[in-house]
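Engineer: Please see the structure below; I have some questions.
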Amino acid sequence: MPSSSDSVKVAVRVRPFNQREKNAGSKCVLSMNGSTTVITNPENNDKKTFSFDHSYWSHDSSREDENGVFVPDSSNSNYADQRRVFSDLGQGVLDNAWQGYNAALFAYGQTGAGKSYSMIGYGPNKGIVPITCEELFKAIEDNQDKTKQLQVSFSMLEIYNEQVRDLLVKTKPQAGGLKIRQNPQTGFYVEGLKQVPVRDYNEIEKLMEQGTVNRTTASTNMNATSSRSHMVITIRFAQVFKNADGQSNTRSSDINLVDLAGSERADSTGATGDRLKEGSAINQSLSTLGNVISALADLAMGKKKVLVPYRDSVLTKLLQSALGGNSRTIMIAALSPADINYDETLSTLRYADRAKKIQNKAVVNESPTDRLIRELKEENAKLLEALKKQGGVGRSDDLRHLLEENEKKMQSMTMTWEQRLEEARISDNHARIENTGSEVTLEPLNNAKIYVNGHRIHKKIRLENLSRLKFGSSCLFLHVGLPSERKQSDNIDRYDYDYFMMELADHREVSVDLHSQGVYESNDNLNHMRVFQEYMDLIPQISEANAISEELKKGIKFEPEIKSQASHDAKVTTSNKEVIIRVSNPNTKKVWIWSKIKFLHRKDLMDEMYVKWLDSENVHLPRDKDPFWDPVEDIFLGSCHVLLQSLSYCVDTDEHFTLHNYHGKEEAVMQVQIYPSTPSGDYIGDESIVEPKELVGKRFDFVLKLPQCMGVRWTMEDNSRGIYCKSQFRDQAVVKTKTVWGKSYAELGFKHQFTVKKIDMEFIRYLQSHNLVLELWGTQVNDEVHKGHRNGATNGEEEADSLKDECESLKKENFKLKQTVHKQKEAVSLQKTKKVSQTKETPPKNGNLKAALEKQEKSLDEVSHSLSSCVGALKESVANTLKKAKS
Ligand SMILES: Nc1ncnc2c1ncn2[C@@H]1O[C@H](COP(=O)(O)OP(=O)(O)OP(=O)(O)O)[C@@H](O)[C@H]1O
């Protein structure tokens, strides 16, 4: 039994810019020279070099030939076309298969980086899988050897949410998916997976088409499924040798072709700060694959006692032999050239670099007792008989019968059109399309949702050539006009999924106008482009989340938004933006803000929930497990920036500032007073104007007063809401006003004194270059905790707030009184000394005053003390109530 130690072959391939990247003026961060790939950090020009078995440049220097196939545009072009990739990688897989080795080919990389292009291909640009199959059958035809029978069978499965689904079966997947079993000799396999015997490439092509359709229509509401599921195609190739004595020996090979989920999904497993910590099963296979690769790389580097976690996920179980086992393995890492994807591309390169180190032990599968061959033998017993009679591969009644049976079975399990249309939200009489011979018209019926070129239409219109149509939730069509309307220059290819999505986004179908959010402001800014891409990528996921919410009657709405860091930045130098998701319940008017990572994590859980629901499982989850549920939280409404420069001249500020939200919309107006003060907080007055440097070395006090906030939209929209304002001066503690509930004109009555013990030049510079950011936050009633307490009535928290305020002002009054007492004491003792130096006198008149003040001081201390403990007790009781309510 020959065996050979073989490291995993790794190739990387960079694709051309897509339209979106071209529009954004993207720069290419990759360069290749021979087998070397260099990536340049667009922010600091740092270069990192990687070396692989192959580095394929498919970014530019290509042209389309007369058949629509991309080929190098000149003899010195370094463009790597599909044929070249096949002859380097696919041909080796085929040769191995003839020799009886298992082979596996993985495509890894970020969504949209070109995995499917390399594996399957598009149109005439066929990828490795079809070319491999085509070449296999060509070789079979050329190899008509009477002493051996050649059998090929095909299976296609999808791993989604750690469940295996047979893509050659069209029914809704059974709950829990197909079972994974283990054979002590051959390892893990999928029980009941359809292995379809195939006779030529056309049959494989048909099956692949069918499988791809099944994959995308598994749920019409889940367009983006392909980026979250792994697809495994297995071509089982067996050569049955006949000895002269009639004994047979079989050599077989499994060729596994794996299109992995988008690598960026691995990020969302560790959704930080989310209460649903257990995570989703969707990315388990991808992150386990990473762990398996790392462990195998460690082993190959000589590390001892490394446990390879094959059993941690379905994918790694099924591909155990392909990873560090009995297989010749190839990985092709798809790379995006665009600067905005630098981080993802770098991490793909690192992943590929680790995979290089895996050592496999490929062994020829010759054992006649091999389970796989036995199964194939059983399934094809009849077929073999017929083939023997005919002396080769050809059509036989038995074979036809077997295939027809398979087809019949599949058809009986097909999802009806009605079911598919219902899932796509297309009603019975959705639209009327008429072709009069000279024009084609489209008319929405029953107020059905139809968009043409990004606009919702309500009445009959004439369709222009190349109109883009969207029906229901997710059906997109391109209308190719009547022959007389078509032009030579029509470029149908440009109307890809991205194009439709961008058009819909531009016309606000996707609910937010990017222009108003300032995303387009400066296209040269890398961060803005990255945000734009993230935003666009999230749109289909958000539509899906909305559709699932609607279907499961969750009443929750998701909208993408752009958060501008400048709203929180005291220097306003950052223009960085990030995508956030506004989650709202229009019925209860509750609002939440989720980070992109949190949304993706929750979306995976929603998908799991939805799949269960489709399986008619009970999807009622307790709140702490429900991805749609979150406790109420405070929402950032808007902010304003108050220049601190005048403070460095000891000049005060008393102005009304408008608070703007992330999109620059007015949220409220706030009166802001800032003035330099005495250590006791008294206003110093205008005569105190100084040159900043005169302040150096001295103590500095200033007061921030926020008397009121007016025209608050948040509370105007719903008076069960409240607001408060918070701010942070330099590195001092955050200060917060009280919460005012249900008032669009809120009396905040806030006053806080800031003290800097000793001023230095750095502090002066800070005042001259920074702002004080005042953030307005919205609060929402927690219905569970506050049932019945709202509508004007106060609750524990509010009482605690107002008592705290009262206590603060009493303390201040107390401080002032103490100072007066102190002054009086001093005056008394001065008088005493005077008297002593003169003659003995009657006790001073102000002895009574002193006693009275001392008494008052004592009682104020008591009041203050008892108020503090009262506030403490109240806080504790509020915290307990909240804890109880949460638990
Ligand atoms: N080498 C290439 N040459 C020309 N076009 C390419 C190449 N690679 C990818 N593309 C184009 O880039 C787009 C995205 O590629 P593809 O669909 O293969 O990405 P993917 O990584 O499979 O995405 P997903 O994870 O969503 O399935 C497609 O329009 C494809 O035609």
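Each residue's number is its place along the chain shown, starting with 1.
Using N, Cα and C of the backbone, Cβ positions are placed for all residues, glycine too.
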Engineer: Of the ranges 65-92, 205-232, 541-568, 793-820, which one does TrEMBL flag as coiled coil?
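Structural biologist: Coiled coil, as annotated by TrEMBL, spans 793-820.
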Engineer: Does DSSP put S116 (ATP binding site) in a helix, in a strand, or in coil?
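Structural biologist: Once the DSSP labels are grouped into three classes, S116 (ATP binding site) ends up as helix.
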Engineer: Express the predicted model's confidence over the domain 'FHA' (391-457) as a mean pLDDT, rounded to an integer.
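Structural biologist: Value for the domain 'FHA' (391-457), mean pLDDT as a whole number: 66.
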Engineer: Tell me, by DSSP, whether G109 (ATP binding site) is helix, strand or coil?
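Structural biologist: Note: G109 (ATP binding site) is in a strand by DSSP.
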Engineer: When you measure from the Cβ of G112 (ATP binding site), how many other Cβ atoms are you left with inside 10 Å?
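Structural biologist: If we count other Cβ atoms within 10 Å of G112 (ATP binding site), we arrive at 22.
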